[in-house]
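Written below as structure tokens is the structure these notes are about.
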Amino acid sequence: MSPFNGILNKRAWNALYWFEFLNLFVSMLLELTSVIQTTAEGSFIDLFTMVPCVGYLTLGMVKSFKITYNRPVYENLISELRDMWPRNTVTEEEYNIMYASCKQVKYVLKGYFYCNIVLVLFFVVPPYIVIFRCMLGEDIPLKLAFSYWFPFDPYQHGRFEAIIVLQTLHCYLSVCLMLIADLLFCIYLNQITTQLDLLAFRIKKLFYVPIDDQLIETYPLAKYTTEQIKEHLEATVGNKWGITYQNQLVEIVKRHRDLIRLSTDVEGEFTFALLINFINSSVIICFCGFCCVFVEKWNEINYKLFLSTAIVQIWLLCWYGQKLLDSSQGIFDAVYNSGWYNVPHNIKSSLIIIFYRAQKEVFVTTYGFSIISMRSYSTLMAAGLFGSNMGV
């Protein structure tokens, strides 16, 4: 591709993005105007069903703008994490770590994707069913998918159909833009945690320790020792085994430092969006919980799906945040459980660097207010349910 075509292609994609962003911004203004009008009229039941939609639109804009504005950072994350994957033959344990990670992220993210698609369908399809039934001659009232404010009557023939198509576009865009950001966040953390797990396994089997009365064959460290006896004997020729360990440790220290840096990049790019996400999710759990119990009929499931999707979303973010915490702690445990006591003093000095660095947990926060983990998930759920009860 020529430089001119590359620039033209980039400008075309940027134009498409800003067109989508403008659509979401207009839809948010229309929905927010309707919320203000509804609040002034005192229709709080209708207000409960409208607020979550405003939150979704806002999240879609905030998350997508961050990705567009700092695109080189996201591309660098992808490039560096891709280059960290092993190029040579791996052991069975390393293969199992990578296979389990890829399989896990595949099913989790597909489930989250389809959960959001079902949510979109349940919101945008009913108006089309109403239009079809009217075409068949039934006399039923028209109803929009979302409560936009209009300076004209939106239920006139021709206007109603156009508005429904526009609302479908807005709903699709908001969910897709939020999905892209959430899936990127989860994939980044999945890749970082996988590399941390591989690094921990590499540290545990790094040092040779002879099997004796202190290290018996039934201990976990003995398994790695028996696998390395031949390699150790070959490396000790000419008393070079200390140099071999030192070179491997230098690589491990650099890889650990790079993974911490990449985790910091993820923190910097997603932390503000995560704060907005947590605030919005607590509002959704509160408002939708109230709607599910006291507003919707038993056979209406729109906001039950809204509530379920919000819970799944926040659980997914917190679960991967917890995985990052656990994997960073795994480096500390790996150093402690390795054969560090059977190496020279200069090797132990290098291990101390990893040991102390691993003591500081690696995590992602909501703009510094809280650490993303399963503990923050339980706190958010408790706050949301408390707010829902207060609404009662």
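Glycine is treated like the rest: Cβ placed from N, Cα and C.
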Range among 42-62, 189-209 that TrEMBL annotates as transmembrane segment: 42-62
Same chain only, please: residues at least 6 beyond the ends of the transmembrane segment (111-131) with a C-beta under 8 Å from a C-beta of the stretch. Say none if there are none. 140, 142-146, 160-161, 164, 167-168, 171-172, 175, 178-179, 182-183, 186, 301-302, 305-306, 308-309, 312-313, 316
Which sequence positions outside the transmembrane segment (12-30), separated from its termini by at least 6 residues, show Cβ-Cβ distances below 8 Å to it? 54, 57-58, 60-61, 64-65, 68, 146, 148-150, 167, 169-170, 173-174, 177
